[in-house]
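Asker: Before we start, here is the structure in question, set down as structure tokens.
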Amino acid sequence: MSESSKGGGLTIDAAVEQIGFGRFQIGLVAVCGTVQAADAMEMVLLSFLGRSVQCQWHLSSQQIAWLATCVFIGTMIGAPILGAISDRYGRWNALLLSACLIAYYGALSAASPSLPWILTLRGFVGFAIGGLIPLTSTLTGEFLPVKFRASFLIVMMSFWTLGGLFEVLIAWLSLGSDGTLKPNGWRFMLAGTSVPLFLILPMFFWLPRSPRFLLASGRPEEALTQLNRAARSNKRPELTGPLSNTAARGERASLKGLFANPTMTRLTLLSIVNWIGGGFLYYGLVLLSTELPGQPHRCLQNLHQMSAASSDKSSTECCQALSSEDYATAAFATLGEFFGYLIIILFIDTCGRRAVIASNTGVLSVLLVCMLFCMPPKLLAVLLFFARSCAASAFTAIYIFTNEAYPTTIRTLGMGVCCAASRIGALLSPFVAQVMLPDYSVMAAMLTYAGMAVVTTVCVLLMPFDTKGRSLMQTVEEVAEAASAGQPSSKPAGEPTEGDGLRMTGDPKKYSSVTGGDAQESQG
């Protein structure tokens, strides 16, 4: 059952369907997922790094917050630059470059002699992280048949959570949990965190090249070679071609396309706010998982003691290591992300993208307010578990929605702008979790996070349309038509969705691609 374009050639989507799902995709998900786990370790260590460095170098809370902020500034700069390299030289080349930079600068930062050095080196790590996640997700999505794409990309994203759990273990072993921080423990933590990525690098030479990039670059024979490699691995008949590029030709991406009509303007502006909120909330919860458990006088019942606690803080208080119970709380909160991914799998195709995002951010705002009240540590751990679940679920659903909402002609550009926006939220979050919360007001910090959750909820509900049940759109004109059409046509699951762009049939989960197979097809 083959699908051809109007020009008579075999489309990439039809070719991937013929190849099917098998050993090749399992290996691809395993390699790219492991890369994401190593990437997650570099991000999660930020919640443990500050306490040890602050003690050894006698730094202020503001200086410690810059440790995380420099990483996020780096990702904001790196995302569009590495995206451009990917569009020019290919996904594989950009992915290998990103991984090498993370491994090298991550290991080098363990030898940092002073604060300026570690800020600079962690900034370079952030620069490389800006390209790694989109590239691994895109490359994996290109080889997944539509009915497997959503679930297996979410499975791959679960590797991120596994990486976070492994980082908690490394921090526990490196920094100590007996009440006193180990001397130079943070150096061992940074060095140990970089090791997995060094071990993974040889596996990159097994990864395939992007057939969509090769086809868009005018190299259809090489694209067919990559697809046939997957077919042989899956023990399926090889494709004979020729391949047809269904992307709009001669139409190049530009920032004007993001504001080409009122619908695109509304979509872009609201998406930027959503991504700022998603980054602010998700990375804020990562930091709060270690900041809240050890925060004295942090609840409403002890409100009168908060200012006194911050002003009377001794110079050696920062040298107190997290307890074993604190590490257990951080690990348990990280496990909440698995629950968030389960929410995505169960509800995103039945309830819709907007409903999943809005419900999660709405519940998150309530949970953040509840954390202001005094409670046993185990109850706080439970609230952090569900808060991380909501934050991860909402951020993932925002990713899915945005990728499906932008048309093929500007999808890479739109996702790049939104990813950069998320870094704005992420780089601001440390100043709330690591400066405002311990030094000024726990209540103000938690209400700031809760307020951002409410703002994100409202912006999601104001989106011009939902992408549930829609095929991926090709042009900005189709986006305007989608908004004016209201809800998508309620056709039976087996019938095709008509349109000038992709024609997809079968399981409605095929529309839930986290990256969309052709997310970066037209920018070569």
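Cβ coordinates come from backbone N, Cα and C, glycine included.
Any TrEMBL annotation is an automated prediction that lacks curation.
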Asker: Of the ranges 245-266, 267-288, which one does TrEMBL list as transmembrane segment?
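Answerer: Transmembrane segment, as annotated by TrEMBL, spans 267-288.
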Asker: Mind checking which residues of the chain, 6+ beyond the ends of the transmembrane segment (152-173), have their Cβ under 8 Å from one of its Cβ atoms?
Answerer: 25, 29, 32-34, 36-41, 43-45, 48, 136-137, 140-141, 144, 189, 192-193, 196, 286, 322, 324, 327, 330-331, 334-335, 337-338, 341, 344-345, 392, 396, 513-515
Asker: So if I exclude everything within five residues of the ends of the transmembrane segment (355-374), which remaining residues of that chain have a CB under 8 angstroms from its CBs? That is, six or more out.
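Answerer: Beyond its ends, the transmembrane segment (355-374) has Cβ neighbours at 274, 277, 281, 292, 298-302, 340, 343-344, 347-348, 380, 383-384, 386-387, 390-391, 393-394, 397-398, 401, 442-443, 446-447, 449-451, 453-454, 456-457, 460-461, 466.
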Asker: Which of 64-85, 117-140, 330-348, 380-401, 443-465 shares the most C-beta pairs under 8 angstroms with the transmembrane segment (413-437)?
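Answerer: Going through each listed stretch, the top one turns out to be 64-85.
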Asker: Could you check whether the transmembrane segment (117-140) and the transmembrane segment (64-85) come into contact, where contact means at least 3 Cβ pairs under 8 Å with the two residues of each pair 6 or more apart in sequence?
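Answerer: Yes; at least 3 Cβ pairs under 8 Å.
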Asker: Where else in the chain does the transmembrane segment (380-401) make close Cβ contacts, counting only residues six or more beyond its ends and a cut-off under 8 Å?
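Answerer: Here the qualifying positions are 150, 154, 157, 161, 274-275, 278-279, 281-282, 284-286, 288-289, 292-293, 328-329, 332-337, 339-341, 343-344, 348, 353-354, 356-357, 360-361, 363-364, 367-368, 370-371, 456, 460, 463, 466-467, 512-514.
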Asker: In terms of Cβ proximity under 8 Å, which residues at least six beyond the ends of the transmembrane segment (64-85) contact it?
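Answerer: Distant Cβ neighbours of the transmembrane segment (64-85) are 42-43, 46, 49-51, 53-54, 93-94, 97-98, 118-120, 122-131, 134-135, 279, 283, 287, 412, 416-417, 419-420, 423-424, 426-431, 434-435, 520.
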